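Here is what TrEMBL records for this protein:
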{"type": "TRANSMEM", "residues": "107-133", "note": "transmembrane segment"}
{"type": "TRANSMEM", "residues": "154-177", "note": "transmembrane segment"}
{"type": "TRANSMEM", "residues": "197-219", "note": "transmembrane segment"}
{"type": "TRANSMEM", "residues": "226-251", "note": "transmembrane segment"}
{"type": "TRANSMEM", "residues": "300-318", "note": "transmembrane segment"}
Amino acid sequence: MRLLRAELNRVRMRRITWLTALALLLALAGLSLIGWQLMQPPTSEQVAEGERYYQESLGYWEESREQIIAECVEFEGLSEEECAAQYELGRPTPDMYVPTPADFSQAAGIALTASSYLLGFGALLVAASSIGAETSTGALGSWLTFVPRRVPVYLAKLVAVVLWVLVAAAALQALLVTAHLLLARAVGAAVVGPQDVWATAARSLLVVLALTVVGFTVACLGRHTIAALGAVLGYGFLAVVRLALGGYGWVQQLTPWLPEANLEAVLRDGYDYYVTEQRTTAEGIEYVYHEAHLGLAHGLAYWAVLLAVLVGVSLLVFRRRDVT
């Protein structure tokens with residue numbers, strides 16, 4: 001416990017911890033501003049303009065009714081009743097011409113998706129620097145001189161940075177959701193699904209946890225903070241390549257084994273994607289799209305195994321590596 005308290009103080013005293021927290025706080029303020037704009041009701045000018053366009057469109061729709069129904073009967077071979085029913089589906093409505101404000105759950109959901117990854121990558125940076133900077137500067141070797149127990153030191157460092165970032169992320173996400181709730185009430189937006197929003201905020205902490213451990217373990221293996229950042233950039237390049245090849249079925253079939261897809265499954269309580277199947281028929285080549293689903297349990301199991309492997313390998317290397 002004494003070792004854990006010492007490591008908690010180390011994380012607290014690091015300048016990058018507070019600089020990252022400040023940057024994230026400003027980013028979340030920007031997301032709150034975007035949410036406020038999304039929930040704003042339409043102005044009187046927008047309502048008047050929309051009403052004008054609606055009346056014009058409705059007038060044209062009514063004038064063209066008989067002609068278009070007659071053409072439908074003549075060229076498509078349908079009955080007059082069937083053509084009239086089809087035509088009714090295209091009847092203009094006022095909401096088509098006036099912007100609809102987002103409700104609380106929509107605006108907060110957009111903000112939480114963005115903030116989850118912002119907090120996650122901020123946590124990755126803090127975690128990577130907590131071990132990478134000490135290793136590259138030799139401070140870790142000095143610390144092990146006073147506390148020559150590598151496994152407890154490793155675990156204390158990992159647990160300390162995880163505790164710090166989870167507490168900070170929980171506070172920031174709670175602040176973000178509360179801000180959206182207050183803004184929704186201020187502008188008169190519908191407060192729909194607050195329980196779902198809070199559940200998403202809770203699951204976002206799992207995303208932060210995962211990226212924290214990734215940052216710590218990769219920086220430990222690479223002996224420098226830049227190793228974790230380089231790994232993120234390298235994977236980002238591979239993701240761009242995969243996106244460029246995303247139309248191929250064999251690429252889409254890799255989705256259940258991709259880290260980002262499983263993170264999305266954790267954050268959104270499930271992730272839907274499509275797999276394209278090419279078929280050759282008598283009429284030629286056709287493409288069939290099959291919907292697939294990654295569940296929350298799959299995402300949790302995937303990341304539990306991945307993080308266990310990263311922690312196990314980095315701990316083994318930490319125990320045997322010369323850090324002087």
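Going from the start of the chain as shown, residues are counted 1 onward.
Every residue gets a Cβ built from N, Cα and C, even glycine.
Here the transmembrane segment (300-318) does not lie next to the transmembrane segment (107-133) in space: the count of CB pairs under 8 Å, restricted to residues six or more apart, is fewer than 3.
Counting Cβ pairs under 8 Å to the transmembrane segment (107-133), the top-ranked stretch among 154-177, 197-219, 226-251 is 197-219.
Sequence-distant contacts of the transmembrane segment (154-177) (same chain, six or more residues past either end, CB-CB distance under 8 Å): 3-4, 6-8, 10-12, 17, 21, 24-25, 28, 31-32, 108, 111-112, 115-116, 119, 122-123, 126-127, 130-131, 197-198, 201, 204-205, 208-209, 212-213, 216, 220, 311, 314-315, 318-319. Beyond the ends of the transmembrane segment (197-219), by six or more residues, the same chain brings 104-105, 108-109, 112, 115-117, 119-121, 123-132, 135, 157-158, 161-162, 165-166, 169-170, 173-174, 176-177, 180, 225, 227-228, 231, 263, 266-269, 296, 300, 303, 307, 310-311, 313-314 to within a C-beta distance below 8 angstroms of the stretch.
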